[in-house]
Amino acid sequence: MGEKDSETAPIWGRTRQSESNNIHRMDVESSALSEQHRSQNRSRGGSYEERGRGVKEFRSWFSWLIPCFVIANVVVFVITMYVNNCPKKSGDCFAGFLGRFSFQSTKENPLLGPSSLTLRTMGGLDVKKVVNGDEGWRLLSCNWLHGGVVHLLVNMLTLLFIGMRMEREFGFIRIGLLYLISGFGGSILSALFLRSNISVGASGAVFGLLGGMLSEIFINWTIYTNKVVTIITLVLIVAVNLGLGVLPGVDNFAHIGGFATGFLLGFVLLIRPHYGWINQRNAPAAKPHKYNICQAILWTVSLLLLLGWFIAGLISLFNNVDGNKHCSWCHYLSCVPTSRWSCNREPASCTTTQLGNQLSITCLRNGKSGSYILANPSDSRINSLCVQLCR
């Protein structure tokens with residue numbers, strides 16, 4: 001066991017101890033010396049394998065938690081679309097052939113998904129309900145909802161590509177904690193800046209995995225060889241997801257908060273030992289520590305910053321602090337308004353007046369009003385007209 005390379009390569013490729021498989025003359029001489037050591041070990045009353053039990057190796061885990069997370073997110077989205085029931089509740093739908101699973105109009109939701117009202121009903125992050133309605137559970141439930149098919153596909157493909165590899169290397173406990181805590185951290189930052197909109201998505205948790213990947217490279221810098229390629233890949237993935245985040249219905253504040261939380265948490269959860277890879281019983285000096293001083297410093301500082309962020313964030317949230325008052329341009333980080341969509345995702349609310357065949361509707365959000373000649377309009381038709389006025 002003492003002579004074997006690691007059982008599995010680290011997540012970012014080979015360690016330095018397994019860079020070459022070429023056989024040189026030196027290897028033959030080393031084999032002879034190793035055989036001599038084996039003979040000495042046997043003469044001392046213990047086998048070579050027994051004396052090598054102190055060797056540290058990378059352990060390969062079976063990835064099952066991340067696929068379960070993906071299945072859960074897909075199932076929740078299907079249930080959300082069933083509850084949304086666009087033909088009955090709105091009338092103005094996209095892909096009507098899907099029946100009650102059809103999407104809201106692309107003007108209302110360009111991501112091909114449900115309405116904001118449905119997302120709120122299903123547990124989307126609504127700051128007013130969290131602060132004033134004692135519904136803090138929405139900080140967690142919003143991470144399992146998605147604004148549309150596009151949003152869901154991007155998140156789940158990224159989660160499968162990144163999460164399964166990380167779970168195989170670090171196990172389901174550490175990666176599960178990284179995913180859930182990062183999602184919670186993203187929700188806190190989102191609640192501080194998105195005061196009126198409904199926030200949903202596993203993006204914060206997924207970005208937490210990306211942040212954890214980056215910090216894992218830094219804290220285990222000396223044992224990996226292909227760091228540059230990995231960092232470039234990470235930057236590209238983050239850039240694509242941040243670009244998607246400027247669309248309505250996607251919360252870039254959750255991305256940023258989740259990434260920052262995962263980055264700090266990665267220094268705490270994903271640390272690897274730099275020493276202790278070989279048996280130290282015959283070492284003349286005392287057995288070295290498993291981690292070097294830089295790792296210990298990063299671990300301590302990151303843990304303190306993480307605790308400070310959660311404490312300060314939760315105190316600010318439940319004291320109803322509006323982050324936009326301290327940053328007037330930050331709202332553009334989450335949505336850039338265009339002629340095709342509005343960044344206001346607050347559910348439409350209108351007042352209606354029916355006089356004979358004339359229906360008058362006024363949007364409470366922007367004050368716009370309209371008159372329509374309709375006899376006995378259905379609730380879904382009224383709701384559809386209300387949504388159009390409030391865009």
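The first residue you see is number 1, and the count goes up from there.
Cβ coordinates are placed from backbone N, Cα and C, and glycine is handled just like the others.
TrEMBL annotations: computationally assigned, not manually curated.
Some features that TrEMBL has for this protein:
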DOMAIN    135-270  domain 'Peptidase S54 rhomboid'
REGION    1-49  region 'Disordered'
TRANSMEM  61-82  transmembrane segment
TRANSMEM  144-163  transmembrane segment
TRANSMEM  175-194  transmembrane segment
TRANSMEM  200-221  transmembrane segment
TRANSMEM  228-247  transmembrane segment
TRANSMEM  253-275  transmembrane segment
TRANSMEM  296-318  transmembrane segment
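Over the domain 'Peptidase S54 rhomboid' (135-270) the predicted model carries a mean pLDDT of 86.
Spatially, the transmembrane segment (144-163) is not adjacent to the transmembrane segment (296-318); fewer than three Cβ-Cβ distances between them are under 8 Å for residues at least 6 apart in sequence. Stretch with the largest number of CB pairs closer than 8 A to the transmembrane segment (228-247), among 61-82, 175-194, 200-221, 253-275, 296-318: 200-221.
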